[in-house]
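Only one structure is covered here, and it is reproduced in the block below.
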Amino acid sequence: MVLLHVLFEHAVGYALLALKEVEEIILLLPQVEECVLNLGKFHNIVRLVAFCPFSSSQVALENANAVSEGVVHEDLRLLLETHLPPKKKKVLLGVGDPKIGAAIQEELGYNCQTGGVIAEILRGVRLHFHNLVKGLTDLSACKAQLGLGHSYSRAKVKFNVNRVDNMIIQSISLLDQLDKDINTFSMRVREWYGYHFPELVKIINDNATYCRLAQFIGNRKELNEEKLEKLEELTMDAAKAKAILDASRSSMGMDISAIDLINIESFSSRVVSLSEYRQSLHTYLRSKMSQVAPSLSALIGEAVGARLIAHAGSLTNLAKYPASTVQILGAEKALFRALKTRGNTPKYGLIFHSTFIGRAAAKNKGRISRYLANKCSIASRIDCFSEVPTSVFGEKLREQVEERLSFYETGEIPRKNLDVMKEAMVQAEEAAAEITRKLEKQEKKRLKKEKKRLAAIALASSENSSAPEECEETSERPKKKKKQKPQEVLQENGMEDPSVSFSKPKKKKSFSKEELVSSDLEETAGTGSLPKRKKSFPKEEPVTDPDESENKRVPKKKRKLSPKEEPLSSGPEEAAASKSSGSKKKKKLRKLSQES
């Protein structure tokens, strides 16, 4: 009995499933389709044999790339060798991708099957996968798929920004569309303005110039000799300007109203702006082609080379095409019609717009188109795979086409391809060295500018950080000066702090008994002179700062005394009065001691 297993690749890992009742399942495909939607019925058909989760997102990306390329990864090999039966002939493995199935069958020897009932079973596994694997939720499975999808796409879409060919494809498509639109709009302006000035159509053939003249002239009756110089600037021909002026005087056109003239002028200005944008777009296309495909543009021209790239889809696809495909690229309808009717196949497609085929004789058009397609294929491959693209090879290939064209006409033998390519290699090396030298110079200049910019930023940041510190210092300094100013002013005037001066008289008036006893004891111990009483006053004052105490002591010699203190500093009469007051105090103390 053949055992049918199914391999399912998911973003979180590989899953190997086994099917029950293989013969019935293969025969009854409609019943399988019904069971896929129901989880209970699907469990009766399929069971999970093994699940190999990926250890990291990088491992998942490696396995996804291997599966897409048809390569058997080591993780997949280990899973199949471990969990599939050893008898390989009795095992049938169902896979979704035929490429990976062929690789498994070639390397491991298991018979693989795709399509049919396998596709339906894989559809059911994909639908119920989060229910088959324990611990896996639908949300986590979706997140894993999203992350792997982004990583896989990012790896596939990597490209060089400076050599992107998508801009060329869009530019040439827009350029062709603009040519059609400008032609259509110009014909509309000619018909519209031709009712008023029909002779101008015969004089001016260029569409853009005609629209500029219609915008400038307006009403033909207002055209005079003063506008002749401006007409010469627009037409760039004095004879045509004179013919326009003469035709306006004897024109057969009908009169036109102001509102119609305004509409014609506005529409003409739009056509003129479109033609100017078309010129700027053509310049942009030329510069882009010189960056992306310089050899191809030097060989066949920017417009034809861009059309070849756009028709192929990319420069890489064009480089993969053989010369026979490049020759008929753009003539697919004629080719299939010829194959269908068994007629002659076309000789050229888009390369017909090249100047070489137009210059060749009728009998040599097929030859030169085949030779030109060969050189275009070589040039596209050089542009696609060279590290430093240059136009040297394209110029040499163009010279070869010119020599071959002259050979068809005159019989002059052209140079050998080997000699031409040797010269091209020497010139290409020199050009590549020059380009690298310029790039190095530009890189050095950029680094210097970056260093200067970083130094300027660092200097500005240091200045900004030092500015607040200076502001703090300047804000602190005036505060200190304000505190010291009153003391300095009082000291200069010979006065103390008013709080100190007012506190002293109060202390003299209110003495307690203990203070009086201490003062009498000091007088009895000493000489009882006046200076000893004065020494007791500073002891009662609290001194916090030694500098302030010194400042307070020094001005006592100079300060002006109040009227209450004047008797203390007067002559011998005051000294006698003070002695009498001291004797009275002694008597009071004696009485108090006797009473106690």
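Cβ from N, Cα, C; glycine included.
Remember, it's a predicted structure, so these values are computed and weren't measured experimentally.
Look at Swiss-Prot and you will find 582-596 tagged as compositional bias 'Basic residues'. Swiss-Prot lists Lys87, Lys230, Lys240, Lys539, Lys564 with the feature SUMO2 cross-link. Residues annotated as phosphoserine in Swiss-Prot: Ser314, Ser465, Ser466, Ser510, Ser518, Ser519, Ser536, Ser562, Ser569, Ser570, Ser581, Ser583. Annotation comment: Swiss-Prot describes Lys560 as N6-acetyllysine, evidence class similarity to another entry. According to Swiss-Prot, the feature region 'Disordered' maps to 458-596.
Structure coloured by features recorded in Swiss-Prot.
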residue: Lys87; record: SUMO2 cross-link; DSSP class: coil
residue: Lys230; record: SUMO2 cross-link; DSSP class: helix
residue: Lys240; record: SUMO2 cross-link; DSSP class: helix
residue: Ser314; record: phosphoserine; DSSP class: coil
residue: Ser465; record: phosphoserine; DSSP class: helix
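Nearest to Ser465 (phosphoserine) in space, judged by Cα atoms and limited to the recorded positions Lys87, Lys230, Lys240, Ser314, is Ser314. Highest local Cβ density among the modified residues Ser314, Ser465 belongs to Ser314, counted as other Cβ atoms within 10 Å over all protein chains shown. Packing around Lys240 (SUMO2 cross-link) is summarised by its Cβ count: 17 other Cβ atoms lie within 10 angstroms of its Cβ, all protein chains included. A gap of 46 Å separates the Cα atoms of Lys240 (SUMO2 cross-link) and Ser314 (phosphoserine).
Take the recorded sites Lys87, Lys230: by the count of other Cβ atoms within 10 Å of each Cβ, the lowest one is Lys87. Straight-line distance linking the Cα atoms of Ser314 (phosphoserine) and Lys230 (SUMO2 cross-link), rounded to a whole number, equals 46 Å.
Lys87 (SUMO2 cross-link) and Lys230 (SUMO2 cross-link) have their C-alpha atoms 94 Å apart, to the nearest angstrom.
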